[in-house]
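The structure appears below as C-alpha cells.
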Amino acid sequence: MSSASTHSGQEKAVEARKEEAICTTASDDDAPLLTPEEEKKLIRRIDYRLVPFLSLLYLLSFLDRVNIGQARLDGLEADLGLVGNQYQATLVIFFVGYVVTEVPSNMLLKRIRPSRLIPAVMLAWGLVMTLMCLVKNYAGLLAARFFLGLAESPLFPNIRIAIFFSSATLSGAFGGILAYGLGQADGVGGLPGWAHIFLWEGLLTFLVALAAPFMIEDFPEDAKMLSPVERKFIIKRLADDIGTSGEFRWVHVKNAFKDWRVYIMMLIYIGVAEPLYSLALFTPTIISELGTFNRWQSQLLSTPPYFLAFIITLASALYSDRVKRRGWFNVFWMSIVVIGYAILLGNDPREKPGVSYFALFLCVAGVAPAIPMTIVWTGNNLSPTLKRGTGMGMMFTLGNSGGIISSLVYFTEDRPRYYRGHGVGLAFAAMAVVLSLFMTLYLSWENKRRDRLYGTKTEDLHGPLGAELQSKILSDVEVRRKFGLENWTPEQIEEAGDRLEPIFRYYP
C-alpha cells in the first residue's frame, strides 16, 4: 500500500523487539547484512526506481481499457451502428480475453525476463488500441476489445499496491481531460473524435513501451542499481519470505481452498470490484445525463471525482499502515459508496443534477481506496507464501467477473436514473460492507482468543511473520523456544502458516 507494503503481504520492517530476539540468537554468519536503517533506505530507493514507472504502465493499461466510455460520448455508437446491448457486449468481451490469458501470462513471467515481456505486452496492447481507430462496425470493435484484453492481462506485477492502484484513479482523471482534447480533433485526418482517442492513447502506450526495457530490472542478482552487498541482502530477504524449503507443496494450495476466510475475502473483493468497473466505464455516460451538458463538458466533469479518489487512496493507505488496521477502512469507505449509490437511486438528475454529481464523488472516492485495501488485507492474513499466492489468485479470478457484471447492468433504456445499474452497485457495495465488518470483528476476536491461550504477542508479531524473524524461527531452536515452539519441527511451522496459533496474529 504505502512504501512499507507489498503485494506478497511482506510489508513491515522488523521492529526493535524482533531485531533483539534475532540478533541475540543468531550466529555471525546469519547476522543481517544491512542495519534496519540501511534496509529502509534500500527499499525506499528500489521503490523510487520501480514503482512510479510501473504505476505509469498500469495507468495506461486502465486508461486504454475504459476509454471506450469516453469514446461513447464522442459518437462511437452512432458511427459504428451499435444497437441494443451491443455496446455492453464490447465491454464484456474485454474481460473474457483478460481472464483467458491470466494464468498463462503468470506462467510466462516465470520463463521470460520481465524487461522483455512487459515491453512486448505494452507494444501488443498499444498496437491493438491504435488500430481500434480504424474499426468500422460492431464486429471489428468486438474483436479489438477481445484482443485488448488478451494483451493487457500479463501486466499485473507484484509491486506496491496502493500506489499501483491509485494510478488507476488517475487514469479516470486524465481520461476525461484527454478525451476532451482529442475529441476536438473530430474530422482531422478523416477520423471521428472517438477514433482520435484510441489512436493517440495507443501511440502513447507505444512510446512508453520503448522506454520500458531501460526502466525495468529483471532480478536482484542482475540489478545494476544495487551493490553486491545489497544484491545479497535482497536475495536473502526474498528467500526468507518464500520459506526455507522454497518447494511447491500441494498442501499449501489445498489449505487455501479449504480456508473459509479466503472465500469471504473473495466476496468482499468482488463487492468492491463491481462498483469500481461500473464507475470507470459509465461515469461519463451518467454525467452526460445530468442537466444539459454537452459531450465535452461531460468528459471534463468526469475528472474531479478521480483526482479526489487519487488523494484519498494514498492518504488512506498511509494511515492504515500507521494504525495497522485494514477492515475498518473497508467498512468506512464502502459505506460511503453505499450512501452515494442510495443518493443516485433516490435523486432525479434532471431536477437536481448537482446532487447526483455529488453522489458520484462519494462513489468514486469511496471505492478507490477499498480496492488496494482489500488486496493487502487478504495478503496480510494468509501464510505461508504459497497459500497467500493461491488465495489471492482465487480472489482476483472472482474479482475480474465484477467487470463482466458491471458491463451488463447499465442499459440505455434506463437513463437517466439507471435504476438497475445503480441498484446492482449498491447491492455489491453493501455486501462488501457487511462482510468486511464481519471479518474485522472475527479476526479481532480470533487474535484475543489466541492471546488468552498463548499469551499476548502483539509486541513481537502482529500480522504476517517478518521475513527475517520467520527465517530464525525455522532455523534456530532458541528462537522457537522464545515463542513456545521448541517441540515444533521447522516443517510443521512452515506448513501451519497462519494456523500457527501460538505466534501468528491477524490484521483485523
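Glycine is no exception: its Cβ is also placed from the backbone N, Cα and C atoms.
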Between the ranges 118-136, 327-345, TrEMBL assigns transmembrane segment to 327-345
Can you work out whether the transmembrane segment (357-379) touches the transmembrane segment (50-68), with the criterion being 3+ CB pairs under 8 Å where the paired residues are 6 or more apart along the chain?
no
Using Cβ atoms only, state whether the transmembrane segment (327-345) and the transmembrane segment (423-443) have three or more pairs under 8 Å that are 6 or more apart in sequence. yes
Same-chain residues at least 6 beyond the ends of the transmembrane segment (423-443) with CB under 8 Å of its CB atoms are 261, 264-265, 267-268, 270-272, 274-275, 278-279, 326-328, 330-331, 334-335, 337-338, 341-342, 345, 363, 366-367, 370, 374, 381, 402, 405-406, 409, 506-508
Tertiary contacts of the transmembrane segment (391-411), defined by C-beta under 8 angstroms and 6+ residue spacing from its ends, are 7, 85, 88, 91-92, 94-96, 98-99, 102, 156, 256-257, 259, 262, 265-267, 269-270, 272-278, 281-282, 285, 374-375, 378-379, 382, 418, 420-421, 424-425, 428
